[in-house]
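The following features are taken from Swiss-Prot:
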- ARG16, GLU17, LEU18, LYS19, LYS116, ARG519, CYS520, TRP565, GLU609: 5-methyltetrahydropteroyltri-L-glutamate binding site (BINDING)
- ILE435, GLY436, SER437, GLU488, ASP603: L-homocysteine binding site (BINDING)
- ILE435, GLY436, SER437, GLU488, ASP603: L-methionine binding site (BINDING)
- HIS645, CYS647, GLU669, CYS730: Zn(2+) binding site (BINDING)
- HIS698: active site, proton donor (ACT_SITE)
Amino acid sequence: MITTHNLGFPRIGAKRELKFAQEDYWKGRISQEELLNVGAELRQRHWRNQSQLDLTPVGDFSFYDQVLDMSFTLGVIPERVSRLQGGELDNYFRVARGRSAQDSDCHCVHAGEMTKWFDTNYHYIVPEFTADTAFSLNPSRLLAEIAEAKQTGATIKPVIIGPVTYLWLGKSKDSSNKLDLLERLLPVYAALLDVLANQGVEWVQIDEPILVTELDAEWKYALNLAYHTLKSSKAKLLLATYFGQLQDNLQLACELPVGGLHVDAINGRAEIGKLIDWLPSHKVLSLGVVNGRNIWKTDLNQTLDWLQPVYDKLQSRLWLAPSCSLLHSPVDLDSEEKMDAEIKSWLAFALQKLDEVKILATALSEGRNTVADALKENQDCVSSRKHSPRVHNPAVKEAVEAITAEMGDRRSDYQTRAARQAQRLQLPAFPTTTIGSFPQTADIRNARRRYRQGELQDNEYRTLMQQEIERCVREQENLGLDVLVHGEAERNDMVEYFGEQLDGYVFSQFGWVQSYGSRCVKPPIIFGDISRPQAMTVEWIKYAQSLTDRPMKGMLTGPVTILNWSFVRDDQPRALTCYQLALAIRAEVQDLERAGVRIIQIDEAALREGLPLRRAQWREYLQWAVSSFRIAANGVADETQIHTHMCYSEFNDIIEAIAGMDADVITIETSRSDMELLDAFDNFKYPNEIGPGVYDIHSPNIPSETHIVQLMRKAAERIPAHRLWVNPDCGLKTRNWEEVRPALQNMVNAAKQLRADVVAA
């Protein structure tokens with residue numbers, strides 16, 4: 001008998017019910033009780049969705065972020081929040097976003113830092129530690145969910161983040177060693193496991209994904225210490241790893257005193273033989289055999305071919321699951337009513353992935369003949385995709401093969417370009433700009449919806465969008481910004497917008513996944529070779545530039561970010577797909593330049609998140625990623641200024657690669673880290689211009705003029721003032737005009753003060 005289970009289920013709801021409830025609560029439209037009821041309804045639905053599994057995860061639901069949930073379970077709440085009055089949920093949202101529902105300005109606090117969850121597009125709230133951090137157990141949330149789940153009749157498996165990964169994910173605020181806290185933390189984990197065991201829980205999934213990263217001796221010792229301390233727990237521990245291979249941590253993972261080990265068999269299939277040999281015979285081995293991070297059907301027959309000898313050896317010690325939490329997958333393919341039927345047949349979302357796990361387990365336990373129809377249907381779909389002429393475009397392949405090194409080079413060095421751009425643009429010191437998008441009002445979203453549904457003709461839609469663009473331009477002129485943007489009213493998403501206009505893409509209606517908090521994204525699906533049939537942005541940017549004498553930025557998403565924020569075909573190397581995207585963006589850049597656009601921004605917000613988790617593999621990734629950007633950006637004259645933007649990035653370890661992109665201006669997200677990201681520039685003299693973000697757009701809080709000046713002065717300690725720009729952290733799409741106007745006015749006023757300081761000096 002094979003045990004089937006799941007590491008986690010998407011929490012947002014098939015139609016984003018959680019998102020809408022969160023935002024209604026924050027705006028005071030619904031009560032806390034109503035928000036909690038939505039959460040309870042979603043949990044019940046999701047447990048029913050997983051009822052075919054032998055073990056159902058509990059504790060994977062969150063009102064914002066699972067790492068923040070763990071922080072509250074362990075009593076790790078920043079003092080700036082814990083001193084405020086209010087209930088636990090209010091303080092929870094204050095850490096997450098700087099304020100809770102209907103907080104007045106006096107209750108606003110600095111939101112917790114947010115960064116990427118390993119190499120995914122999910123973001124977590126970074127735990128904050130000091131040498132004096134104390135831990136205290138608060139299991140109420142988890143216990144309440146266990147009580148709910150028991151009522152469904154499911155056999156439950158609580159899910160928690162392991163103690164060593166939790167410390168690894170956090171940040172020391174006083175330069176103390178995070179691992180010094182481990183001995184203080186472990187008794188709280190032991191108490192939590194005892195509480196869970198007393199609830200009748202047999203298995204607890206304890207996630208230690210750092211085991212797929214490069215660990216030094218100190219962190220390996222910490223893992224040994226942690227699990228030898230926790231081994232007396234009455235509950236059995238399933239140690240879960242995901243997102244990669246164990247490699248040099250394989251022996252350690254096998255030897256830790258736990259009841260079982262889950263591994264990512266999508267990325268780590270080559271290690272399974274060694275795992276079978278090394279894992280003690282009293283432990284279970286859970287294999288993640290269905291890809292939890294992509295949307296392609298599993299080739300079930302091929303998977304069974306290699307799984308059969310594994311099952312023959314392990315028998316009931318073999319467990320099957322997706323490779324990682326299905327948090328990274330859309331919920332239900334059956335919701336897709338408008339997708340091309342052939343392409344839809346190639347896909348599997350979260351619910352379908354659980355079906356695949358069950359089919360595999362049944363085929364192994366009871367024989368393939370018991371699921372012959374399901375296996376035949378799966379084989380037909382896999383074969384259809386493999387042989388479809390829609391996937392392959394010979395002209396695109398020829399264009400990629402014709403790429404030369406010269407296509408990635410600018411005509412002159414940065415100093416020459418900078419002089420020519422300064423002469424052409426005539427910008428002041430500390431030039432102000434924004435990152436691209438402006439608030440997406442209800443009117444904008446309604447117009448796009450009506451256009452998609454055929455209620456608006458092309459000319460009617462164009463008129464409405466031009467009105468929004470003009471409004472955005474006038475707002476920026478009134479605020480006094482130096483370099484303007486058109487506001488992106490016509491764009492639903494910075495990746496999906498481009499994908500809709502590229503051949504080789506298909507789109508879902510409800511393929512939403514959580515990015516952070518209430519922010520959901522609907523990644524487009526790359527199913528075939530990529531090409532650009534026609535210009536994608538030129539009409540809108542030309543119109544915006546016609547409204548003003550100030551420079552108007554052309555706004556594009558870069559090839560690496562489009563790749564990393566899409567569901568990508570898995571039948572060819574990612575690098576090859578990225579080069580196809582680079583050629584499409586290059587053609588758009590050249591069209592914008594021909595249209596008279598003087599500044600072109602090519603966002604590479606997701607450059608860093610594509611890095612492999614192991615540093616040994618970075619060089620190969622950065623080589624083709626930087627090369628792709630340069631191919632996209634560098635077919636222009638010296639006088640054309642190329643910008644790029646990056647989000648949530650630590651730069652110390654890839655600063656040379658970023659410099660190698662050779663963008664004239666780079667804007668980065670730094671406000672939540674209080675400019676700490678600029679530490680990268682202490683030992684590396686970045687040669688070009690840079691705009692460190694001074695306005696945290698992920699929080700509704702409005703930065704003061706004084707605060708912005710202080711941040712920019714910190715930046716000027718590292719970057720020469722004549723190479724600094726003043727800008728928000730990221731696009732303003734998710735904010736409203738009532739927040740944006742005063743924030744940008746303070747930013748413009750701060751820039752004026754900085755210029756006056758330079759003149760006075």
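Every residue gets a Cβ built from N, Cα and C, even glycine.
Close to the residue listed as 'active site, proton donor', meaning Cα to Cα within 10 A, are the following binding-site residues out of GLY436, GLU488, GLU609, CYS730: CYS730. The binding-site residues shown are ARG16, LEU18, HIS645, GLU669, CYS730; of these, the one with its CA atom nearest the CA of SER437 (L-homocysteine binding site) is CYS730.
Within 10 Å of the C-beta of ILE435 (L-homocysteine binding site) there are 26 other C-beta atoms, taking all protein chains into account. The Cβ of LEU18 (5-methyltetrahydropteroyltri-L-glutamate binding site) lies under 8 Å from the Cβ of ARG11, ILE12, VAL38, GLY39, LEU42, PHE63, SER518, each of these being in the same chain and 6 or more residues away along the sequence. The maximum pairwise C-alpha distance among ILE435, GLY436, SER437, GLU488, ASP603, the residues recorded as binding L-homocysteine, is 14 Å.
Here GLU669 (Zn(2+) binding site) is compared against the binding-site residues ARG16, ILE435, GLU488, CYS520, GLU609, and the shortest C-alpha distance is to ILE435. The Cβ of ASP603 (L-homocysteine binding site) has 25 neighbouring Cβ atoms from other residues within 10 Å, across all protein chains displayed.
In this structure, the CA atom of CYS730 (Zn(2+) binding site) is 16 Å away from the CA atom of GLU609 (5-methyltetrahydropteroyltri-L-glutamate binding site). Separating the Cα atoms of GLY436 (L-homocysteine binding site) and HIS645 (Zn(2+) binding site) is a whole-number distance of 10 Å. Proximity of GLU488 (L-homocysteine binding site) to non-local residues of its own chain (separation of 6 or more, Cβ distance below 8 Å) is seen for GLY436, SER437, PHE438, MET494, TYR497, MET555, GLY731, LYS733, given in sequence order. Annotation: HIS645 carries the greatest number of neighbouring Cβ atoms among the recorded positions ARG16, LYS116, HIS645, HIS698 [cut-off 10 Å, Cβ to Cβ]. Across the structure, ILE435 (L-homocysteine binding site) and HIS645 (Zn(2+) binding site) are spaced 7 Å apart at their Cα atoms. Nearest in space to GLU609 (5-methyltetrahydropteroyltri-L-glutamate binding site), taking C-alpha to C-alpha distance over the binding-site residues ASP603, HIS645, CYS647, is CYS647. A helical conformation is recorded for GLU609 (5-methyltetrahydropteroyltri-L-glutamate binding site) in the three-state DSSP classification.
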